[in-house]
Amino acid sequence: GDILDGYLRTDGVWILTRNKRSYQTNNEKECADKCEAERSFNCRAFLFTKKKLQCLTLAENAKMTVMFASVDAVLYEKRIYLLECKRGIGKDYRGTEAKSQRGIPCQNWAEKIPHKPNYTPEKYPSAGLEENYCRNPDEDENGPWCYTTDPTIRYDYCNIPDCEDQVTHTGEVECMQCNGEDYHGEVSRTESGLECQRWDAQEPHMHGFTMKHYPEKDLKKNYCRNPDGELRPWCFTTSPTKRWEYCKIPRCTTQSPVSGPGSQCLSGKGEDYRGRIAVTESGNTCQHWNTQFPHKHRWIPDRYPCKGLEENYCRNPDGEKRPWCYTINGSVRWEYCTVPACDGREQGITGMNNVPIHIPLTEECYRGKGQSYRGTASITASGKKCQAWNSMFPHRHEKTPDRFPNADLRENYCRNPDDDNSPWCFTTDPNTLWEYCSLKRCDDHTQE
């Protein structure tokens, strides 16, 4: 598989680390190669900066040091060093459990007191014998173990949970259909073994996913859920250094339930629209969903089997205002489609004379720093579409309507909730966290 599959990616963060090496690379895969080949230290993670194409291989990961925001950086952590559960007998366990099942602290693998070890870092350099962490260098069928600091007990096994697919209290194996939007199971650990944070808690991570605001999403206890159209169920974690992570839930072997042929007209936001309109409201032909030209995107039909992403038909896979599509016009990334309403009325264009609704009116402007701006612009200075403020995809953030009730964080309109230089927004481009908006400052000498 892809070399990056062995890493957990976190956008927009940096970690402080003393033991690191710097390289010049062209992309993340080349940086991963440097991490795999690193011999100066045990490479647990790497940082890649997209603007400078800088690669930093790191001896620490986010579990071991301080993490902070850095817009241009991407952190890749080796999954094997994040697992706090064991696969099989735990030969590859590289977690940080450092006491035995009896609660006795482990002896450092490099120490010779109180027990002289047969297994040392020098003799077994690839066994991960670091510090005093539980390991399984001899492939013991009972799992990871360690020498203990009790002179009367040479070694003891460690209590490491299994990573295998979790089961419900009724003993049934958990599974999900589609992308797990309707998953109501009880898995409550992430794919790296971290325990999930309760949805009704705001510690260690503050968020807007509450029962009050998402009453239909079944946000119970700390169970994995998919309230925002992610690729699969996820949760906030109880680790202060890992905000969120996907959960390990297998796909059901039975076919996804078929909910009829879908609607041929616009009802609600048109999420169930399965008609064959393939032209946008301004006349642009739609790009096929299974192609990445002229516009690269994440809505790949194989990844979202229940979204009806057939041919180049207009669809609404992400809860937009109404069906839309990417266009074959290289200068117009996406536009809404005109789909007849199911009640027979013509679909409104909100008085914009067929101008796509997400293109800001040219006369919109802001005063000062734009904290009072309440227009409907939703495009950044480089032409990227804004992410909705109450959405956590593709970027998770804390600028939610709940936390900034006076900032009018509606839809995906440009705003300035944090006293920045001008209105801005998070973008729908996974590689760009945020940008200032395409807005001009008002001439202070003219009337409002």
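Heads up, the Cβ atoms here are built off N, Cα and C, so glycines get one too.
Per TrEMBL, disulfide bond is recorded for Cys175-Cys252 (among others). Packing around Cys175 (disulfide bond) is summarised by its Cβ count: 15 other Cβ atoms lie within 10 angstroms of its Cβ, all protein chains included.
The disulfide bond annotation in TrEMBL covers Cys196-Cys235 (among others). Summarising the environment of Cys196 (disulfide bond), the number of other Cβ atoms within 10 Å of its Cβ, over all protein chains shown, is 22.
Within 10 Å of the Cβ of Cys247 (disulfide bond) there are 25 other Cβ atoms, across all protein chains. For Cys224-Cys247 (among others), the entry in TrEMBL reads disulfide bond.
Sequence-distant contacts of Cys265 (disulfide bond), defined as residues of its own chain at least six apart whose C-beta falls under 8 angstroms from its C-beta, comprise Tyr273, Gly275, Val339, Pro340, Ala341, Cys342. Marked as disulfide bond by TrEMBL: Cys265-Cys342 (among others).
Under the heading disulfide bond, TrEMBL lists Cys286-Cys325 (among others). Note on Cys286 (disulfide bond): other Cβ atoms within 10 Å of its Cβ, all shown chains, come to 22.
Taking Cβ-Cβ distances under 8 Å and a sequence separation of 6 or more, the neighbours of Cys314 (disulfide bond) in its chain are Tyr273, Gly275, Ile277, Ala278, Thr280, Cys286, Pro323, Trp324, Cys325, Cys337, Val339. For Cys314-Cys337 (among others), the entry in TrEMBL reads disulfide bond.
Within 10 Å of the Cβ of Cys442 (disulfide bond) there are 17 other Cβ atoms, across all protein chains. What TrEMBL records for Cys365-Cys442 (among others) is disulfide bond.
Here TrEMBL flags Cys386-Cys425 (among others) as disulfide bond. The Cβ of Cys386 (disulfide bond) has 24 neighbouring Cβ atoms from other residues within 10 Å, across all protein chains displayed.
Taken from TrEMBL, the feature disulfide bond applies to Cys414-Cys437 (among others).
In terms of DSSP helix, strand and coil, the domain 'Apple' (1-80) has 16 helix, 36 strand, 28 coil. TrEMBL lists 1-80 with the feature domain 'Apple'.
Positions annotated as domain 'Kringle' by TrEMBL: 84-163 (among others).
TrEMBL lists 174-252 (among others) with the feature domain 'Kringle'.
According to TrEMBL, the domain 'Kringle' annotation covers 264-342 (among others).
Annotation comment: TrEMBL describes 364-442 (among others) as domain 'Kringle'. Along the domain 'Kringle' (364-442), the predicted structure has mean pLDDT 87.
For the disulfide-bonded residues shown (Cys224, Cys252, Cys325, Cys337, Cys425), fewest C-beta neighbours within 10 angstroms: Cys252.
Cα separation, Cys442 (disulfide bond) to Cys175 (disulfide bond), rounded: 54 Å. A 10 Å cutoff on Cβ-Cβ distances gives Cys437 (disulfide bond) a total of 26 other Cβ atoms nearby, all chains included. Take the CB of Cys342 (disulfide bond) and look out to 10 A: across all protein chains shown you find 14 other CB atoms. Among the disulfide-bonded residues Cys175, Cys247, Cys414, Cys437, the residue whose Cα lies closest in space to that of Cys196 (disulfide bond) is Cys247.
When the disulfide-bonded residues Cys175, Cys247, Cys386, Cys425 are screened for a C-alpha within 10 angstroms of the C-alpha of Cys414 (disulfide bond), the residues that qualify, in sequence order, are Cys386, Cys425.
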